[in-house]
Amino acid sequence: MSGSTRTGSASVLLVGLSFRSAPVTMLEQATVADADLPKMQLSLVDNDVISESLVLSTCNRMEFYTVANAFHSGLDHVVDTIAQFSGLQTAELEPHLYVHYADSAAEHMLKVASGLDSMVIGEQQIIGQLRSAYQSANETGTVGRTLHDLTQRALRTGKRVHSETAIDSAGASMVSFALDQALRYIEPARALSAVVDDAPLSQPLAGHRALIIGAGAMASLASTHLGKLGIDHVTVANRTLSRAENLVNHARQAGVDASAVPLDGVTDCLSAVDIVVSATGAVGNVVTEQDVRAAVGAAGGVASVAGRRGTKVMIDLSMPADIEHSVAEIDGVKLLNIEELTTMAGDRVQDESPARAIVADELQSFLEQQRAQSVVPTVKALRQKAGEVMAEELMALERLTPDMSEADRAAVVKSMKRVVDKLLHTPTVQAKKLSAGGQQVSYPDALAALFNLPNGMVDSVTQPGQADSSAAQTAGTSARADQIPSAARVGRVVREA
């Protein structure tokens, strides 16, 4: 295979670990903190096998993109590095790792950037995460031409998919699906007031309160959908309070009563809400079992703040988990995490075919670009060789024509350069076209294609009689050269022939 992502004998090697291949606990342990990414990327290239590295670390995947000149030794080094930084044993990791090489690695990054490989299909956050991963690796100095080109193509592909298809609605579908499931566990608040009693069926959350933890895309979708379901009040908690306040402002503009609190204010809010939606993407639990038990106790068992008894629903849309798994064991609490929701959603997914068509189109374009670039070093070497031959011929000319005027000499040099440029221009262009196409051709066909020889020209010089004459002339030239013992005179014969 003429791998498009190959540079000389090197190819892109991807080793990954994601929600599809590994349990949550392993993903959480393998996650690399932002502060450690530069050190890890440098460790990946600290050998003779790998020349480039980029680590993509998100809430539900760890992917290690490298450029390796040998597959097996490159793979061993990447796996050993993952084990070193995660503290996991190689034997523990290997069953859960996936590997892509050359063109397959390029295709995978394009799919990831498009949201096609995400737990929530179509989520846009991955584009920013990939951009940040590239910037980190670039600043560390571990990104070269190959990973630069691949990442830029992936970012372009992701933007096209989100602007040209309806895949974004898939993320909204997951949030709405999660809240639809939550409605199964929340008792209608019909007896609270005349206003609630008259609330339309389309607003089943009238009289209820919600807490949203996080202020990203998923949190924003949750706020919007809660408003449509008639929620009375939304509290938004986030590490950066200004982002929480921005989301609150959007909610208020949509007619939803809302307020913002810092992330450390979450525990104080738990007892006053019926629904919790968490989507921070943080490493480590934001809400613990102890927090929830205290909140349930403060609310009088499973009684809500409004005085009615019902289930407190906690929706965890993060990976790694924001909400401690053992919360599910608390009476009166229903925990819905992203893994469970994905399984329950089943076929409720957006049509991915338009997005996949864009990925295929961008991949093909990228492969052609990379194949065309792969011939550049050879073209440069060819031009360098031609320059050396021309220089030798000019030196020989100077020895043979010491009386030639400077004007004539300059004219000869200019003429020779023109001849070399004209001879090499067509094969340079054709070589890039042939490489981009990726088709296999015979040596004679390749030579004819490189020099763009007209159809029939090769046949015309190999007609019966002409071929014999050509062969005889070639043999004669070789014989004359063989008869000249001096190496210095060989060049003269070639010049005179």
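Think of each number as a place in line: the chain as shown, counted from 1.
Glycine is treated like the rest: Cβ placed from N, Cα and C.
Source: prediction; values computed, not measured.
According to Swiss-Prot:
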BINDING   THR58, CYS59, ASN60, ARG61, SER118, GLU123, GLN124, GLN125, GLN129  substrate binding site
SITE      HIS108  site 'Important for activity'
BINDING   GLY214, ALA215, GLY216, ALA217, MET218, ALA219  NADP(+) binding site
COMPBIAS  461-477  compositional bias 'Polar residues'
REGION    461-486  region 'Disordered'
Please identify, among the binding-site residues SER118, GLN124, GLN129, the one with the smallest Cα-Cα distance to MET218 (NADP(+) binding site).
GLN124
At a 10 Å cut-off from the C-beta of SER118 (substrate binding site), count the other C-beta atoms across all protein chains.
23
Using a 10 Å radius on the Cβ of GLY216 (NADP(+) binding site), the other Cβ atoms enclosed count 19
Using a 10 angstroms cut-off on Cβ to Cβ distances, just flag whichever of ALA215, ALA217, MET218, ALA219 is the loneliest among these binding-site residues.
ALA217
Near GLN124 (substrate binding site), which recorded positions out of HIS108, GLY214, ALA215, ALA217 have their CA within 10 Å?
ALA217
Excluding GLY214, ALA215, GLY216, ALA217, MET218, ALA219, please set out which residues of the same chain place their CB within 8 Å of the center of the CB atoms of the NADP(+) site, keeping sequence order.
ILE212, SER220, LEU221, ALA222, LEU247, ALA279, THR280
Taking each of THR58, ASN60, HIS108, SER118, GLN129 in turn, which of these recorded positions have a Cα lying within 10 angstroms of the Cα of ALA215 (NADP(+) binding site)?
none
Between THR58 (substrate binding site) and ALA217 (NADP(+) binding site), the C-alpha gap once rounded to whole angstrom
15
In angstrom units, rounded to an integer, how far apart are the Cα atoms of ASN60 (substrate binding site) and HIS108 (site 'Important for activity')?
15
ASN60 (substrate binding site): tally of other CB atoms within 10 A of its CB
24
Simplified to three states, DSSP reports GLY216 (NADP(+) binding site) as coil
